[in-house]
Amino acid sequence: MSRWFTWLTPAILLLLPWLVRDGSGMVQATVCSRWDRSVGLDDRGLSQEGEVMIGGLIPLHNLPPTPDLSFSLHHAQLHMLNVSLSFSLSLALSLSLSLSHSPVSCFMFHIPALSFQEEPLRWAHALVFAVDEINRNPFLLPGVQLGYRILDSCSQHPWSLRGALALVSGGNIRCETTDDCPVSLVIGDASSTQTIILARTLGPLSVPVISYQASCGCLSDRHEFPNFFRTIPSDVYQALSMARLTWLLGWTWVGAIAVDNDYGRLAIQVFEEGIRGTGVCLAFFETLNRANLVRDVKRAADTVQASTARVILVFLWYTDMEALLLELGRRNVTDRQFLASEAWSTSGHLLRNPALFNVAKGVVGVAIRSAPIPGFEAHLRSLHPSRRPGDVLLKELWETEFGCSPGAAHAHGTSLSPRPRLASCSGAETLEGVQSLFTDTSQLRITYNVYLAVYAAAHALHSLLSCPQRDSPTWGSSFTCSPPHNISPAELLQHLNQVNFTTPLGEPFYFQGADVPAVYDLVNWQATPQGLLKLVTIGRVDGSNLLINQSAIQWNTGSNVVPVSVCSDSCPPGTRVARRKGEPICCFDCISCAEGEVSNTTGSMQCDRCPLEFWSNSHRTACVPRQLEFLSFNDVMGITLTTVAVCGAVATVAVFMFFVYHRHTPLVRANNSELSFLLLLSLKLCFLCSLVFIGRPSVWACRIRQAAFGVIFVLCLSCLLVKTIVVLAAFRSARPGAGQLMRWFGPGQQRGSVFFFTSVQVIICAVWLSVSPPLPYRDLGLKGSKVILECEVGSVVGFSLVLGYIGLLASLCLLLAFLARKLPDNFNEAKLITFSMLIFCAVWISFVPAYVSSPGKYADAVEIFAILASSFGLLLCIFAPKCYIILLRPERNTKKHMMSK
């Protein structure tokens, strides 16, 4: 009772002023003192008496949007107008409970812009047609006459609630057996917010409410709304289907506009949950309130016009959507793709409005599934005011369709919407052949939902009235039951929960809690040659399955190419997504992958590193094998070094041949010709051994190059060292008491010394190669598209001993030559050896840091350069002066000159 009391608390107010506009536009107050003298609500709807009554609430008329309130009005007028527009539920409730049985309707206030709606009138006649079918059915509710009362909710909360209370209380209807004839259940309303109010209000009374269009997901809560049912799927399925559709069509930047109530806000909330983690995000979210429709439409149009989103998701009632589309059309905003909810995706009113053609073509929407109702079209076209003289709704339809008033003598006094006085109809007017929203049965969607709601109610009543008699032994075994004239809403509610039947179309129907299984059509608004829009079915949603024929869609551009709606274009292969700080995930920058990384898909979130022996191509889209890099005979550096080495070898051979030719001259003989020839041979090998460092490294090449380099250079230095020792010994033997010194440095000892010094290096190299020899090695550590193929030294100790031994011999040779540089002789070879050793030591001292810091093939080039430079230094410093004397100064190539001091 607490919830019921909460809803009834405002009823303490008995009267509130209601402001309306008269024909001149002036604001005036109207106070109704005697509501029972007003025109009865039953005269404004449809009704048929029966033993069991069901009620219906349908928005047959639409109240106009509230004009934009500005401060141009007088403050008092503004306040009074605002009070009238926020008309509270308390007025309707209090008058319903405190005064007579005459109910209120939205027509008694004579609102000049009241809009009659043909489609909802067709829904009302679907209820009438279904009741007639059931009454003719001998197997469904046999012996029970089903009746109905259909009232106009005017698309407003107060009228909807007032109508529901009139239905469940009986209003001013007189029944044959009782004073009041209340309905057993209510079919309605269309709006989710209005239905929430009805369900909460009628819940304490256990009156079932079956809605044909209230799709808010919140109504599925059986704890909150135990008396609610519906024949339309929950918005949860619709919103999730729209989320899947946006992802499927590649729309990642979507705007949203929704009605400012539970229907719109909860639908957008579910949509946001559905797109979470898919890369789709909302560009904006605008709400429209019918109380401030003009202002809200302008604000929403401004947002749509300024946004970069090309796809707009819209959850609005079709009348509100019409206002938005007209505003966008006025601004020439015709390049937006609308994604429509079921509330307006199939609106014939919008489809037939030529002013919306440019802005609304290409609309894709989720629609209530369509189903035929056999015989329904014939029922609609057979309607005529002469057969239903008390039906004021049918009279208003006639005024709308034919521009005349049936029964003109009294039509003006009973007209629902204020109109100019119309001429009388001839009586020959008929709906046969008329193409209008009312007679169009090609797409029965909400109409079919109303039809199903009536059959669900009938089957629940049939189950209730078919239970065992109260005095039978089985009474109370399952459900309680009531006689037709005294049906308990609580008992009917229990049977409604168990409804399970086959529709006239042969389809199973049952409630899953408050809901029915989710089935939708996907529709598209396509242009016709006549400049109008037509509705085309392009797919279907059945539960979690979404089927769509994309080739059948005509987009707002007029083509079959899916429009693009993104905040940032997808990153192409070779780039990755970089989030923009403080912006949605759909807005990002594209950054090229770093070297060695690739991305081969569109919209890649990160770049993948290539395997070690692969590198990224120039576009960063694929990993390609790295190129092997080594000092080759084909590149410029290799060719240059090879040329220099060959030239050095040729020059050495030329000097060798020149010395052979002049071997009998004093100069050649005086300088130990045997060691000179051996030195020239070793220098030739030094030049040639540098060629081993050029070319692709292999196992044997790596072993030979270092060993040959070490042994040949030691041979060269051994010859120089022995020559220096011989020079020193020769001059020392000339001193008194040193005559026996030269016997220790004769030709045999000289050859033996060279062999000994060289053998030490040979032993070092042999041990090195046997323990840890140099091997080919692929250096993958350096970044780049190349793999450095080089010879790894193997044992660093072995390589160091080889270089250290060469350095030791070079140091000894330099030291001895330096000591012998001032010996008295016209041609002292020790001076030449000193200069050559200085060059040799300078080259190899600078070689060490240069070799260590040079990568890849450049390390080999540094070593080759050191070999060639030191070899040329020895060749030029030692043999060039001798060649000069032999060729150009032959007078100095005599024994006499050589012996003089």
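Just so it is clear, glycine is given a Cβ too, placed from its N, Cα and C backbone atoms.
Between the listed ranges 236-258, 305-327, 673-695, TrEMBL ties the annotation transmembrane segment to 673-695.
Proximity of distant same-chain residues to the transmembrane segment (673-695), defined by a Cβ-Cβ separation under 8 Å and at least 6 residues beyond the stretch ends, is recorded for 630-633, 638, 641-642, 645-646, 648-649, 652-653, 655-656, 659-660, 663, 701, 704-705, 708-709, 712-713, 715-716, 719-720, 722-723, 726, 747, 750-751, 754, 860, 863-864, 867-868, 870-871, 874-875, 878-879. Ranked by Cβ pairs under 8 Å to the transmembrane segment (832-852), the stretches 636-661, 707-731, 864-888 are led by 864-888. When Cβ-Cβ distances under 8 Å to the transmembrane segment (796-820) are tallied for each of 707-731, 752-771, 864-888, the top count falls to 707-731.
Sequence-distant contacts of the transmembrane segment (864-888) (same chain, at least 6 residues past either end, Cβ-Cβ under 8 Å): 631, 641, 644-645, 648, 651-652, 655, 658-659, 662, 665, 667-668, 671, 676, 679-680, 683, 686-687, 689-690, 693-694, 709, 713, 716, 720, 827, 829, 832-833, 835-836, 839-840, 843-844, 847, 851. Among residues of the same chain six or more beyond the transmembrane segment (636-661), those with a C-beta under 8 A of the stretch's C-beta atoms are 668, 673, 676-677, 680-681, 683-684, 687-688, 690-691, 694, 857, 861, 864-865, 868, 871-872, 875, 879, 882-883, 886.
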